[in-house]
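In TrEMBL this protein carries:
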BINDING   His66, Asp104, His312, Glu316  divalent metal cation binding site
Amino acid sequence: MNLRELVSALNDFASPALAESWDNVGLLVEPSPPHTVKTLFLTNDLTEEVMEEAVQKKADLVLSYHPRIFTPLKRVTWKTWKERLVVRALENRIGIYSPHTAFDAIPHGVNNWLAKGLGSCTSVPLHPSTAPSSPAEGTHRVEFCADAEHLDAVLFKIKDIPEISCLTTLPARVEGEEQTRVSLTCSQKALLEVVALLSQNSLLHHKTEILLLQKPLLPHTGMGRLCTLSEPVSLSDIIKRIKGHLQLPHVRVAMGTGRTLESPVKKAALCAGSGSSVLKGTEADLYLTGEMSHHDVLDAVANGISVILCEHSNTERGFLSELRDALAIHLQNKIDIIVSEKDRDPLQVA
């Protein structure tokens, strides 16, 4: 597939618009076009060892769940490992694409895969995503009626206000008089200027309606998951299930105040990776994530919530095998898809 065609397909699979605002997702490194992709290489973390593997396996595009370019690079030299990754990628004509939190949000993404480790359950996003393009612009809609005497002057001034879109006029009859109904969409900042303008004319001001535009929630889409198990399960059994699902010999466990290994778990809140900010404040029997700060663990425990920590990337990496199969279908088997064998969590139990 042509690289740009493939990137478009990957964006359709998980829209970059679903990623968190602080994230850096999408195509991060692009070899000079035209660039054809025969082999797509999947990894959770793109390290130098993994890049060497991608070169040896003749990958044309690396899909790295975590973005290796996150903060801006001031130079691309051989000095630091992240710069060297860019150099190696361009020298070997390998593109780099990162979905990161876009994969966290989608219904068929990382968090739903992680939830499978709990057993039979239903789940809803902890922080639902909103439709990114509905409405496309503006936070408020303003509507008012004006007679012919005031209409042109008001429209002239409104058109000078920045961040106004979708300005329309329609004939209207108000209290038996022929008038014009004006409708516009604007930002929060522009709203203040529009209201200030209309308030200069009491007739216009009294006929003004302001609507807050709410973007619709996307079903089953968003950050984190609150999972309700079909039947309560003891904490000890949940630990066994999670270890089996993630293929880990050990996990770290903090038992909530008043809880034991035999305490039942009915509701579990989870977030792949580093979940403190997503999980905080959620009422549940259990928090499941990769890592949390010491103080956030103490807060959860004090509230009677047990915590299972599996290390950051251990809660993400297993998704790659499921992703490989899903992308094969999505891309209609047009390219080879390989999962890295060198990619691993940097932390080991010694």
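Note: Cβ is positioned from N, Cα and C throughout, glycine not excepted.
Excluding His66, Asp104, His312, Glu316, which define the divalent metal cation site, the same chain contributes Asn44, Tyr65, His100, Val110, Ala272, Gly273, Ser274, Gly290, Ser313, Thr315 within 8 Å (Cβ to the Cβ centroid), listed in sequence order. Take the CB of Asp104 (divalent metal cation binding site) and look out to 10 A: across all protein chains shown you find 29 other CB atoms. Here the binding-site residues are His66, His312, and the one ringed by the most other CB atoms within 10 angstroms is His312.
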